[in-house]
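Undergrad: According to Swiss-Prot, the protein carries these features:
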- D217: active site, proton acceptor (ACT_SITE)
- E89, H90, L91: ATP binding site (BINDING)
- S20: phosphoserine (MOD_RES)
Amino acid sequence: METLLKRELGCSSVKATGHSGGGCISQGQSYDTDKGRVFVKVNSKAEARRMFEGEMASLTAILKTGTVKVPKPIKVVDAPGGGSMLVMEHLDMRYLSSHATKLGTQLADLHLENKRLGERLLKEAGTVGKGGEQAERQYVDQFGFDVVTCCGYLPQVNDWQKNWVEFYARQRIQPQMDMVEKKSGDREALELWSALQLKIPDLFRDLEIVPALLHGDLWGGNVAEDSSGPIIFDPASFYGHSEYELAIAGMFGGFSSSFYSAYHSKIPKTPGFEKRLQLYQLFHYLNHWNHFGSGYRGSSLNIMRNLSK
């Protein structure tokens, strides 16, 4: 591993630190190099390169906003024996505690960044000598992402769409339901989904949604802090509805009331928020069902029943 990293990173010295970490999907290890300490995530799956390229693009996109701290990605490398590795900046992280309020503020800033950019460009339209910022940060007026990103190890369809409701139904829920059908042929789930599809547009009536850059998998295990403030990592980014971000955050805990208060002071809840949050949680329950098995079936079906009434 050390020899491979020397070659790929152009380093003269690479030494494992003994610091390791990992989750349900990938494992990681830190290395000291003459160019600084790096963290290397490793996954042996054949699709790992696509997964890590999506993560690298996600980290790069968030980094460019200058809103919330993420590890700086360095390179995706083919792993010896199959699979791939993602090399990134090593950050000394601890559990999120004292910086929860700041994370709420910074996450809202991340979600508002594209909207603010659009407003600024509109204001500057027709102004002579605007400078170079417009070329650096382009306003995004559609929902999607330039590359495939993975929530867990399953790829997300990120083809650009103008309509958020169609994007979410066709490119988030439908692929998950297709996997459920293929694996189990669960007739009750399929019937509930058919009924729910007719109700979804009602949840978005009179709602204007500006595409927001999302982390995409913001559960408690993907947030942390250091002495300077909060850190988010392991993203599965795309441009979507800002409310989507809060769905998985509320499913498994790890976020204090101060986080939500700070967030909603910048992005207030709008009518229908709670039902849309359930709709967004449906994706994550289905995604967990397809990753980890039928233990998540009941939660998935309950949401579809509740929202189909």
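Including glycine, each Cβ sits where the backbone N, Cα and C put it.
I'd like these features described in context: how deep, what's nearby, how far apart.
TA: Residues near D217 (active site, proton acceptor) in space but far in sequence (CB under 8 A, at least 6 apart, same chain), listed by position: C151, G152, D234, P235, A236, I248.
Under the three-state DSSP scheme, E89 (ATP binding site) falls in the strand class. In sequence order, G36, R37, V38, F39, P71, K72, P73, I74 are the residues of the chain that are 6 or more apart from E89 (ATP binding site) and have a CB within less than 8 Å of its CB.
S20 (phosphoserine): 12 other CB atoms within 10 A of its CB, across all protein chains.
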Undergrad: To test your reading of the ATP site: which residues beyond E89, H90, L91, same chain only, put their Cβ within 8 Å of the Cβ centroid of those residues?
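TA: Apart from the listed residues, the neighbours are R37, V38, F39, P71, K72, M88, D92.
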Undergrad: Taking only same-chain residues 6+ apart in sequence, whose CB is under 8 Å from that of H90 (ATP binding site), what do you get?
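TA: Listed in sequence order, they are H19, S30, G36, R37, V38, F39, P71.
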